[in-house]
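Please read the structure below before turning to the comments.
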Amino acid sequence: MENVVIIDAVRTPMGRSKGGAFRQVRAEDLSAHLMREVLSRNPELNAAEIDDIYWGCVQQTLEQGFNIARNASLLAEIPHSVPAVTVNRLCGSSMQALHDGARAIMVGDAQVSLIGGVEHMGHVPMNHGVDFHPGMGRTVAKAAGMMGLTAEMLAKIHNISRQSQDEFAVRSHQRAYAATQADHFAKEIVATNGHDADGILKRFDFDEVIRPETNLAGLAALRPAFDPVNGTVTAGTSSALSDGASAMLIMSESRAKSLGLTPRARIRSMAVVGCDPSIMGYGPVPASQLALKRAGLKLEDIGLFELNEAFAAQSLACLKGLGLLESMDDKVNLNGGAIALGHPLGCSGARISTTLLNLMERRDVQFGLATMCIGLGQGIATIFERV
């Protein structure tokens with residue numbers, strides 16, 4: 001079975017969904033921009049040699065509908081002979097795109113895959129047009145479709161206090177801001193056209209969503225967002241709403257060698273699991289455990305972790321379940337996470353994987369694990385090994 005290696009990994013800046021930098025930029029354009037950029041950065045690869053494009057996107061309607069992967073590839077002027085498919089595993093969509101592209105290479109159905117994902121939550125809100133089947137109420141609690149209430153459930157089950165959630169949110173913003181100031185995101189962010197507050201076209205090369213002024217006093221003043229009577233989860237301890245795209249170029253190790261391209265890492269293992277929809281945020285725990293088992297590794301072998309911060313309560317419950325609370329400041333989300341950067345649903349899986357790869361290189365770490373919770377009760381994880 002072929003080893004699958006990561007050649008390149010990039011993303012757009014994260015734009016604020018409400019009146020932000022990408023308010024006049026379409027999701028297809030964000031995607032096409034990254035596709036073109038990946039190809040221009042790797043001229044050794046002829047675009048016609050891409051076997052397939054896998055692109056994550058959750059709300060596949062309006063500008064994100066009718067197979068946005070293909071629409072974006074056509075906008076990027078990738079040869080018509082290269083196919084493209086849109087992948088939807090909700091929050092884990094672009095990580096699933098990575099898994100699908102990698103698996104095709106592993107079994108010999110492909111040599112090169114371009115993968116990524118996008119979500120423009122300013123143009124297509126998360127709940128746009130959603131109509132749950134009423135019969136689901138027989139087996140699944142209605143609140144399981146309300147992500148904030150699933151976070152409240154985890155907070156209660158795992159005794160996650162309001163104070164610890166607020167502290168985690170402050171940490172996310174502080175770390176993301178520090179990473180920005182130190183240019184630690186520079187290697188992964190591709191400057192992207194947007195509009196400033198006055199509507200003037202400009203190129204953005206920084207994440208617009210980070211709030212460096214976030215502090216415990218300000219967060220403590222916020223009301224619970226989902227359970228107004230007994231809740232502890234607030235807007236400040238939930239992932240920000242943002243717009244963005246991410247992309248990765250992956251190929252077989254043998255193809256990379258023949259093209260003279262230097263791999264950054266290889267995929268050591270992949271895993272997807274299901275869990276109770278009412279505690280969907282706990283999915284990263286069994287997903288990570290399965291990925292470790294498939295990789296033949298132990299938790300202590302992993303030098304760095306990227307956990308998508310859907311909610312502080314959800315993140316802390318997972319870290320507690322994995323036994324990572326004590327090592328969090330040394331190993332987990334060292335550049336902040338979705339509470340500060342936002343969680344453009346279809347983009348996030350490849351985004352956290354890209355951030356993880358850069359951290360692994362900067363800190364000379366051999367193994368890294370990226371994992372995410374998924375709405376309606378799933379978890380997904382990928383273990384990367386530097387080569």
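We count from 1, first residue shown onward.
Glycine too: its Cβ is placed from the backbone N, Cα and C atoms.
Feature list (source: Swiss-Prot):
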- C91: active site, acyl-thioester intermediate (ACT_SITE)
- H343: active site, proton acceptor (ACT_SITE)
- C373: active site, proton acceptor (ACT_SITE)
* **Residue among active-site residues C91, H343 with least C-beta crowding, 10 angstrom cut-off** => H343
* How long is the line from the C-alpha of H343 (active site, proton acceptor) to the C-alpha of C373 (active site, proton acceptor), rounded to the nearest angstrom? -> 12
* Number of other Cβ atoms within 10 Å of the Cβ of C373 (active site, proton acceptor) across all protein chains -> 33
* **C373 (active site, proton acceptor) versus the residue listed as 'active site, acyl-thioester intermediate' - Cα distance in angstrom** => 7
